[in-house]
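These come from TrEMBL:
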ACT_SITE  102  active site
ACT_SITE  102  active site, proton donor
ACT_SITE  254  active site, proton acceptor
BINDING   29, 93, 103, 104, 187, 220, 245, 246, 255, 256  substrate binding site
COMPBIAS  1-15  compositional bias 'Low complexity'
REGION    1-23  region 'Disordered'
Ligand SMILES: N[C@@H](CCC[C@H](N)C(=O)O)C(=O)O
C-alpha cells in the first residue's frame with residue numbers, strides 16, 4: 001500500500017478567464033468571495049470544489065458570490081417584501097453543494113460589501129442581505145457584526161417536545177451512540193451534548209457522524225460541552241463546541257451551528273435559562289442572543305468578527 005491513488009486526481013476546474021477574488025474568514029471559518037453583480041461568474045459544483053481545494057485551489061470551507069438580488073429568481077422573490085435587500089449571498093459549501101444559510105458567512109459577506117464600496121452600514125444602521133433562508137439584517141456590534149438570523153425551529157418537533165431528543169448519533173472515537181436534538185437555523189443541525197472536554201477532544205470528526213434518523217436534507221453535527229456552571233455570574237451561558245459541517249468536514253467554526261447549539265442547550269436547561277450565550281469554537285468565540293422577534297416568534301442573533309485577509313486573481317485554465 002503506497003498511499004497513492006490508482007488514478008491521478010482530476011485537475012481542479014478553473015475559469016476560462018481570470019477571476020478576482022477575496023479571501024476572508026469569521027473565527028476561522030474561511031471563504032473565497034467574488035463580486036459578481038450580474039451573476040454571470042462560475043458557480044458550478046466542480047468549479048467550487050476546485051476553488052475550495054486546499055491543495056490545488058485557493059482553499060476554503062465555502063464559496064460566496066455577491067450577486068444583485070434582482071438578477072436571481074430567489075432574490076427577486078425576496079425583493080417583493082424587502083426591497084432594501086440589494087445583494088444576495090450566494091453561498092456554496094466547499095464540496096460545491098448549496099446550503100440555505102451560513103452564519104459566519106453573512107458577517108464576512110457584509111464586511112466584503114463594505115470593503116468593496118458597494119454597500120453602506122452607518123453606526124446604528126442595518127444592512128439587509130438576501131439569502132436562501134430569507135433576508136438577514138446585519139448591524140455593527142462590539143465584536144464585529146451582529147446578524148438577526150430569524151427564528152430557530154425543531155426539525156422533528158414531536159420527538160423533540162416529547163423527549164428533548166430526536167435522534168442517535170454515532171461519532172468516531174466515542175464508544176456508544178449519543179442522543180441528539182435536530183434544529184433548523186434555515187439550514188439543518190444536529191446537536192449532541194458531551195459530558196466533558198476529554199470526550200470532546202477524543203472525538204474523531206474526519207468522517208461525518210452517522211445520524212439516525214437523518215434530517216431530510218442531511219445535517220451539520222455540533223458536539224457541545226456545557227460549561228460548569230452553565231451560567232456565569234454575569235448571567236451569560238457558556239458552551240464549547242466542535243462541528244462537522246455538511247458539505248465541508250470539520251471546520252474551525254460554524255455560526256448557524258453555534259446558534260443551534262445554544263438553542264438546544266437552552267431548551268435542555270429549561271425555565272430560567274439565559275438569553276445570552278458565548279460559544280467557544282476552535283477558531284474563537286461567537287455570541288448568541290435570543291430575543292422576541294417582530295412577528296412574535298423567538299429570534300436568534302449571532303455576533304462575532306469578520307476579517308478579509310487577501311485579494312487575488314484566480315488564473316484561467318491552461
Ligand atoms: N459555516 C456555516 C454553515 C455553512 C453551511 C453548512 N455547511 C450547511 O451545509 O448547512 C455557518 O457559519 O453557519
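Just so it is clear, glycine is given a Cβ too, placed from its N, Cα and C backbone atoms.
Between the two most distant C-alpha atoms of the annotated substrate binders (29, 93, 103, 104, 187, 220, 245, 246, 255, 256) there are 16 Å.
Look at residue 187 (substrate binding site): DSSP puts it in coil. The substrate site, placed at the center of the C-beta atoms of 29, 93, 103, 104, 187, 220, 245, 246, 255, 256, has further neighbours from the same chain whose C-beta lies within 8 angstroms: 62, 99, 101, 102, 105, 243, 248, 251, 254, 257.
The CA atom of residue 254 (active site, proton acceptor) is located 7 Å away from the CA atom of residue 29 (substrate binding site). When each of the binding-site residues 29, 187 is scored by how many other Cβ atoms sit within 10 Å of its Cβ, 187 comes out lowest. Residue 29 (substrate binding site) carries a strand DSSP state (E or B). Set side by side, the active-site residues 102, 254 differ in how many other CB atoms lie within 10 angstroms of their CB, and the most is found at 254. A 10 Å cutoff on Cβ-Cβ distances gives residue 255 (substrate binding site) a total of 28 other Cβ atoms nearby, all chains included.
For residue 103 (substrate binding site), the count of additional Cβ atoms within 10 Å of its Cβ stands at 29 [all protein chains shown]. Residue 255 (substrate binding site) sits 7 Å from the residue listed as 'active site', counting Cα to Cα. Residue 103 (substrate binding site) falls within a helical segment according to DSSP.
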